[in-house]
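A.B. asks: Just passing along the structure, written as structure tokens.
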Amino acid sequence: MDRLTLRRPDDWHLHLRDGAMMRAVLPETTRHFARAIVMPNLVPPVVTGRDAAEYRDRILSAKPKGSKFRPLMTLYLTEETEVRDLRAAADIGLITAVKLYPAGATTNSASGVRDFTKVRRVLENMAQIGLPLCVHGEVTDPEIDIFDREAAFIERVLDPIRRDIPGLRVIMEHVTTSDAVDYVRSGGDDIAATITTHHLVINRNHILAGGIRPHYYCLPVAKRESHRRALVQAATSGDASFFLGTDSAPHTDAAKLQACGCAGCFTATNTLSILAEVFEAAGALDRLEAFTSLNGPAFYRLPVNDGTITLERGDSVTYPAAIDTEDGPVTVFDPGMPLHWRVRD
Ligand SMILES: NC(=O)N[C@@H](CC(=O)O)C(=O)O
Ligand SMILES: [Zn+2]
Ligand SMILES: [Zn+2]
């Protein structure tokens, strides 16, 4: 096969940031994606309906001319989130989901949740109206090894919440372990997971063996090879519980390359080429569309996109090593393998 037409894809987990960074990274996403779930971890975070409306308007005015891209907004759940404000934002279709960051788990998560009993009423209301909860699923307990934090989160936090609040619809974001894959697979209709592009490609050796590679550092941190294989298996299986959330998370090289560098891989630019390569290697090109374009809308109860994109296989496809922003260069994720599929203009 050397040509593949897909429904236009969506990105169910994306960081667009704000200001100059947003202006630089937005076209990288709008080129191929029709919609994206926009993460609310700005500084300060997007907490109220009003914050979300203002952020949405900034995105819409930064979007390239002629683009029909639609940002799907989220609220950042805090212990102070008001049920009334959240319900009003959901009622008018301003927000598509709510994001739960355990306080301290990742970039800009300081305002996240420490005491889960304080968000119980909000979560109950979300279950009532079917508003999905996107979850950064890692415990923050310093006693827990960083490679075990996702598995520990399922057992200690996620499963108890789901038992306590039946009907709550949860997306476990950027899953990195076979534990998460198994949990989602056996979890029924109210749970799904996003998988990133980079976690389908790298394992922890890529970050640490033969020198430290800060551009491969993201959270949750990539795990051992057996987990990466489980992710590829889940993504390429066609199982409707798994769909693409790139977690494309731009940081300037200056912020990545320092003694305490930021977590995040920037994959908006080359994601579709990389995914096609991964699916081809798995003999599953016929299931790429389910992962990029069908399973996500089905879980979010949204229509699939009109229109298509076409991928073509050629000799080799290259991408710039970095994109320029007014704040400095942002390195594009290097998949470390030759790419052959390009999206036709
Ligand atoms: N994934 C990351 O490593 N970083 C994300 C935050 C997140 O999604 O956890 C970011 O905002 O930079
Ligand atoms: Zn996260
Ligand atoms: Zn993210």
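Each Cβ is built from the backbone N, Cα and C atoms, and glycine gets one as well.
Heads up, TrEMBL stuff is auto-annotated, nobody curated it.
Taken from TrEMBL, the feature domain 'Amidohydrolase-related' covers 11-310. Summarising the annotation, TrEMBL assigns substrate binding site to His15, Leu16, Arg17, Asn41, His136, Leu219, His251, Ala263. The Zn(2+) 2 binding site annotation in TrEMBL covers Lys99, His136, His174. Summarising the annotation, TrEMBL assigns N6-carboxylysine to Lys99. The active site annotation in TrEMBL covers Asp247.
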A.B. asks: Along the domain 'Amidohydrolase-related' (11-310), what average pLDDT does this model show?
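C.D. replies: Mean pLDDT, the domain 'Amidohydrolase-related' (11-310): 97.
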A.B. asks: Based on Cβ atoms within 10 Å, give me the single least packed residue among the binding-site residues Leu219, Ala263.
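C.D. replies: Output over binding-site residues Leu219, Ala263: least Cβ neighbours within 10 Å is Ala263.
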A.B. asks: Of the recorded positions Lys99, His174, Asp247, which one sits closest to His15 (substrate binding site) when you measure Cα to Cα?
C.D. replies: Asp247
A.B. asks: Tell me, in order along the sequence, which binding-site residues from Arg17, Asn41, His174 have their CA within 10 Å of Asp247 (active site).
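C.D. replies: Close binding-site residues: His174.
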A.B. asks: His251 (substrate binding site) to His174 (Zn(2+) 2 binding site): how many Å between their Cα atoms?
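C.D. replies: Rounded to a whole number, the Cα-Cα distance is 18 Å.
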A.B. asks: Where the distance is taken from Cα to Cα, which of the binding-site residues Leu16, His136, Ala263 turns out closest to His174 (Zn(2+) 2 binding site)?
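C.D. replies: Given the candidates Leu16, His136, Ala263, the nearest one is His136.
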A.B. asks: Distance check, please: Cα of His136 (substrate binding site) against Cα of Lys99 (Zn(2+) 2 binding site), rounded to an integer number of angstrom.
C.D. replies: 8
A.B. asks: Do you know which of the binding-site residues His15, Leu16, Arg17, Asn41, His136, His251 end up with C-beta under 6 Å from ligand 2?
C.D. replies: His136
A.B. asks: Can you give me the Cα-Cα distance between Lys99 (Zn(2+) 2 binding site) and Ala263 (substrate binding site) in Å, rounded to a whole number?
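C.D. replies: That comes out at 18 Å between the alpha carbons.
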A.B. asks: What binding-site residues among Leu16, Asn41, His136, His251 have a C-beta sitting less than 6 Å from any atom of ligand 3?
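C.D. replies: The ones that qualify number zero, so the answer is none.
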A.B. asks: Let me make sure I understand the structure: which of the binding-site residues listed (Arg17, Lys99, His174) has the fewest other Cβ atoms within 10 A of its Cβ?
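C.D. replies: Least crowded of the binding-site residues Arg17, Lys99, His174, by Cβ count within 10 Å, is Arg17.
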